[in-house]
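Novice: Feature table excerpt (TrEMBL):
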TRANSMEM  16-37  transmembrane segment
TRANSMEM  49-71  transmembrane segment
TRANSMEM  92-113  transmembrane segment
TRANSMEM  125-144  transmembrane segment
TRANSMEM  156-175  transmembrane segment
TRANSMEM  181-202  transmembrane segment
TRANSMEM  214-236  transmembrane segment
TRANSMEM  256-274  transmembrane segment
TRANSMEM  294-320  transmembrane segment
TRANSMEM  332-351  transmembrane segment
TRANSMEM  363-382  transmembrane segment
TRANSMEM  388-413  transmembrane segment
Amino acid sequence: MLRVLTAYQNRIRDMAVYLTASFIPMLLSLLINPLVAKNMSPNDYAIVGYYKSFSTLLLPFIQFYVLHYYTKSYYELQEEQRRVLKATIFKFLIYGSGAISVICLFGLIGYTVCFNDNTLIPLAPYIYLSIFSLPLTGVYQLTLLELKMSRQSGVFFCYSIAYSLLTFFLTWLLIVKLQQGAFGSMMSIFAANAVIFIYCCYNYRDLFRIPFNYAYLKIILFFCAPLTLAAMLSFFSGGYERVYLERLGNIDELGYYIVGATMAGYIQVFSNALGSTFQPDIFKAIVNRDRRQYLKYCAVMLGATIFIVAGVVAFAPFIMDILTAGRYVYSAKYMQLIALSCVSSSIYYMVSQFTIAIGLPKITFYNKILGSILSILMYKILIDKWHFYGAAIGVIVSFIIFALGNIALLYTFKKKLIKLWNRS
C-alpha cells in the first residue's frame, strides 16, 4: 500500500513539474507582451502572423512526425533497441529536416512569385527566418520527449525554463530595446532555436557514433507518412484563414486579427501543455486497453480547457487591455471567438490521439483529407460573407468538422477497431 501511495505521489509531482514547466514560459510571454505590443505595429503583427501561419503546414513535413513514432515505440522496445531508434531519429532531425527545409523555402518562394506576386507582405528576410527556425526545434523536442518518457521531470523543467528565459531576453533585446518590430520578433525565435539546437546536439554527441539504422528509417517513414500528411493538412484548421485574409489586402485589420488570435493562443498553449503532460499516460492507457483511465484523462483535459475558455471569453476586453497596454483592445472581439476553438480543438485532439495510439493512423489521414476539403469550402463561404469575423468563426467550425469526421471514420472501421482493442 505504501508503495502504491509513493508511486501515486511521484506521478502527481511529475505532472505538476511538467505543467509548471509549460506555464512559466507562458507567464514570461504574458509579462513581456505589453512591452511588445507597444513596439509592434499592426503591420508588424501581420507580417509575423502571416509567416507563422505556414509553420502549421511546413513543420510536420520538416520533422516528418518522427517523434510520434518514438513515443509509440518507447514502451515496446528494449533499452538498446530504443537507443538505436533514438540515434536514427536524432540524425534524421538534423540532416533530413535541414534538407527538407530548403525544399520548403523554394516552394514558398515559388508560391509567392507565381500565385501571390501582388502581396503586401515583404518576402525577405522574413521568409528565411520563418522557415529555417523550424528544423532547429527537432532535436530540442526529442530531448524533451526523452526526458518526459523517462520521467526525468527535474531536467525537463530546467531545459524548458532555460529556453524560455533565452527567448524572453532576446525578445526584450530585439523588440523592446532595439525596436526591430517584425524582424526582431522572428529573429529572437530563430536565435533562441539555434542556441538550444547546438546545445542539445552537443549533449547527444554520443549518438553520432551509433550507425544510422535504415531498417528503422523505413519503418518510421512508412508509419509517419500518413501522420505527416494529416498534420500538414491541419493548416486548413489553423493558418489557412490568415493566408486567405491576406489576399483581402487589409493588412492593418489582419494585424488586429492576429493579435486577437495570438492572445487566444495562450489558451491553446495551456491546452497543449495539458495534452503534452498527459500524452504518455494516454498512450499507455490505450496500449493497456484501460478505457477508464483514458476517459479520466480526457475528462480532466476537456474540463480544464472549458473552464479557462469561459473566463477568457467573459473578460476578453479587460484581458486584452492589460496584455497589450491598452493598444489593441479592438482585437478582443477576435480573441473571444478564436478562444472557443480551443474547446473544439481539444475534443479533436483526444479523438485523434486515440486513433493513432490504437494503431489506425490511416484514419487520421483520410479524415484530414476530407476535413480539409470541407474546411476550404467553409472558409470561402464564411470569409467572403463576413471577412475577418467569418475567419474566426471558421477556426471553431473547422475543428468540429475534423472531430466529427474522425468519429465517423472510426465507426466505419468499427470491426477493425474492435479487433485492435481486444488484442492483448
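Placement of Cβ uses the backbone N, Cα and C atoms for every residue, glycine included.
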Novice: Taking the transmembrane segment (49-71) as the first stretch and the transmembrane segment (388-413) as the second, find out whether 3 or more Cβ pairs fall under 8 Å, excluding pairs closer than 6 in sequence.
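Specialist: Output no: the transmembrane segment (49-71) is apart from the transmembrane segment (388-413).
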Novice: Have the transmembrane segment (388-413) and the transmembrane segment (92-113) got at least three CB pairs under 8 Å, pairs 6 or more apart in sequence?
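Specialist: Since fewer than 3 Cβ pairs under 8 Å link them, the transmembrane segment (388-413) and the transmembrane segment (92-113) do not come into contact.
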Novice: With a Cβ cut-off under 8 Å, give me the same-chain residues at least six positions beyond the ends of the transmembrane segment (92-113) that come close to it.
Specialist: 54, 58, 61-64, 66, 119, 123, 127-128, 131-132, 134-135, 138-139, 142, 201, 217, 220
Novice: When you scan the chain for residues with a C-beta under 8 Å from the transmembrane segment (156-175), skipping those not six or more beyond its ends, what do you find?
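Specialist: Same-chain residues near the transmembrane segment (156-175) but 6 or more away: 17-18, 20-22, 24-25, 28-29, 32, 35-36, 39-40, 140, 143-144, 147-148, 181, 183-185, 187-189, 191-192, 195-196.
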Novice: Okay, the transmembrane segment (332-351) and the transmembrane segment (16-37): do they have at least three CB pairs under 8 Å, pairs separated by 6 or more?
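Specialist: These two stretches do not touch.
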Novice: For the transmembrane segment (181-202), what are the same-chain contacts with Cβ under 8 Å, counting residues 6+ beyond its ends?
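Specialist: Distal contacts: 36, 39-41, 43-45, 47-48, 51, 94, 125-126, 129-130, 132-133, 136-137, 139-140, 142-143, 162-163, 166-167, 170-171, 173-175.
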Novice: Can you tell me which parts of the same chain pack against the transmembrane segment (125-144), counting only residues 6+ beyond its ends and a CB-CB cutoff under 8 A?
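Specialist: Hits for the transmembrane segment (125-144): 47-48, 51-52, 54-55, 58-59, 62-63, 67, 70, 86, 89-90, 93-94, 97-98, 100-101, 104-105, 108-109, 112, 156, 159-160, 163, 182-183, 186-187, 189-190, 193-194, 196-197, 200-201, 203-204.
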